[in-house]
Amino acid sequence: MTTKYIFVTGGVVSSLGKGIAAASLAAILEARGLDVTIMKLDPYINVDPGTMSPTQHGEVFVTEDGAETDLDLGHYERFIRTKMTRRNNFTTGRIYADVLRKERRGDYLGATIQVIPHITNAIKERVIAGAEGHQVAIVEVGGTVGDIESLPFLEAIRQLAAEVGRNNAMFMHLTLVPYLAAAGEVKTKPTQHSVKELLSIGIQPDVLICRSDRAIPAVERAKIALFCNVPERAVISMKDVDSIYKIPALLKSQNLDSYFTERFGLECKEADLAEWEQVIYEEANPTAEVTIGMVGKYVSLPDAYKSVNEALKHGGLKTRLSVNIKYIDSQDIETRGAELLEGLDAILVPGGFGERGVEGKIQAAQYARENKIPYLGICLGMQVAMIEFARNVAGMEGAHSSEFKKDCAYPVVGLITEWVDDEGNIETRTEKSDLGGTMRLGSQLCHLVEGSKVRQMYGSPTIYERHRHRYEVNNKLLPQIEAAGLKVTGLSADKKLVEIIEIPDHPWFVAAQFHPEFTSTPRDGHALFAGFVKAAGEYQKRNLK
């Protein structure tokens, strides 16, 4: 089987939505029965985004096999059924690290190491490896054409297209077509210059995706086709829409999928987008709206919680409720008090690192517990719920996490020094371990306690969920905490690590050490988020009565 490659680039400005466009195209091709995967090539020099600031880069998406990757991989998994792995995302830093490691070993036999051919060859090898076994591989190159950082990647995909043959490779370029109100028309010149820049690198785009706040008139599309040397049918108008899940239908309505399959000579059925039509219908026809407060420390950039945001929306789709997310900085709770939490139908405390804002999160957990408001804690959100309960219910004054206070009286949360991974291997860590790539990462087995809320929601005695943490509940202090009324309802594969806690005498108080948001999709939703949003709706109804 010969893999067909679609290389996706962007021009004029950043943040045009290359990831969404790539994922939407993949969704249509998948609906035609093709086996599709998507890769993201990131031009920054960090080895991976694992230690990057969420307020600069957005969330870190964790794959099943434990890779810390770009948030675009979350979009990919939400749009197609193929699961992403560490092969689906790599950076300039990763490539250079690998090449330099080989150079130190002497693998290059004393050759002078250069961007061409050594770096570009390494990029091509990774792209080919990531595409292996799939009929179509969509490869998104991060950054904007013209940036110095992305040049090695652009050169690599130019070479790869030539090597596999142009009947097996196509280039899709996203550009901005701005509307000038003063002139009353859209302007095509930025697109022309962007394509000119791409041509100077040796790449002729086969398809142009023109981003605008409105549909681009046929006459302007014809003009773009003429000046940029592409067929008119390959100039696609991608206007702003109120839901990203409408993009597959928007692209299909312009026969983008057919253009690719015809060029590649692929014989496949017509795309059936019934599942996406159902998603759009559910999104457009909620029965009510609930307001969920997200108490975090990275709320200045909502993309820091991208998968959580989407998972809440998916929970709303499955319960026919519109979810209004109210972002609350946990530091504001520390300074202004818990009145910031008034009027909410539910409270969610997501993951995070570092001491800043932790006391505000603890106050949020306390407010939810005392006022019987539905609460979902994720990762650190579970740990702060544990600390709050230990302090205020179990009588453990001064309880804290050793991450924030090493000499606290009751370290109810501590560093995981040893655990068994899903393959039965023993992993060990110390406080001196590097920060990057040393956490408990990836999909792990979890045993659910019979009779618990989570067992009822999942409908299964065991589940697999993805993790990203290096601190865990201290089992030595569990008996005193459980005696006070909190229950552990989920345990790790070896039943030594706490994965889920619940408060049985609370209408809905659930917290998990794992990250359920990474496995939520618009078509299937997720049991925890559907249960949480449903609980928010029930709380709202009780209050209205």
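Using the three backbone atoms N, Cα and C, a Cβ is placed for every residue, glycine included.
The region 'Amidoligase domain' annotation in Swiss-Prot covers 1-266 and rests on sequence analysis. Residues or ranges marked as CTP binding site in Swiss-Prot: Ser14, Asp147, Ile148, Glu149, Lys187, Thr188, Lys189, Pro190, Thr191, Gln192, Lys223. The UTP binding site feature in Swiss-Prot is assigned to Ser14, Lys187, Thr188, Lys189, Pro190, Thr191, Gln192, Lys223. Per Swiss-Prot, the feature ATP binding site maps to Ser15, Leu16, Gly17, Lys18, Gly19, Ile20, Asp72, Lys239, Asp240, Val241. The Mg(2+) binding site annotation in Swiss-Prot covers Asp72, Glu140 and rests on sequence analysis. According to Swiss-Prot, the feature domain 'Glutamine amidotransferase type-1' maps to 291-542, an assignment based on sequence analysis. As annotated by Swiss-Prot, L-glutamine binding site applies to Gly352, Leu380, Gly381, Met382, Gln383, Glu403, Arg470. As annotated by Swiss-Prot, active site, nucleophile applies to Cys379, with the evidence given as sequence analysis. What Swiss-Prot records for His515, Glu517 is active site.
A straight line from the CA of Thr191 (CTP binding site) to the CA of Ser15 (ATP binding site) spans 15 Å.
When the binding-site residues Ser14, Lys187, Pro190 are ranked by how far their Cα is from the Cα of Gly381 (L-glutamine binding site), Ser14 comes first. Per-residue pLDDT, averaged across the region 'Amidoligase domain' (1-266), gives 95. In sequence order, Gly351, Phe353, Cys379, Val384, Ser401, Val413, His469, Tyr471 are the residues of the same chain, not among Gly352, Leu380, Gly381, Met382, Gln383, Glu403, Arg470, whose CB sits within 8 A of the CB centroid for the L-glutamine site. Other Cβ atoms within 10 Å of the Cβ of Asp72 (ATP binding site), summed over all protein chains shown, number 25. Fewest Cβ neighbours within 10 Å among the recorded positions Lys187, Lys189, Lys223, Arg470, His515: this applies to Lys189. In this structure, the CA atom of Gly352 (L-glutamine binding site) is 43 Å away from the CA atom of Thr188 (UTP binding site). Spacing of Gly19 (ATP binding site) relative to Lys187 (CTP binding site) is 24 Å (Cα to Cα, whole number).
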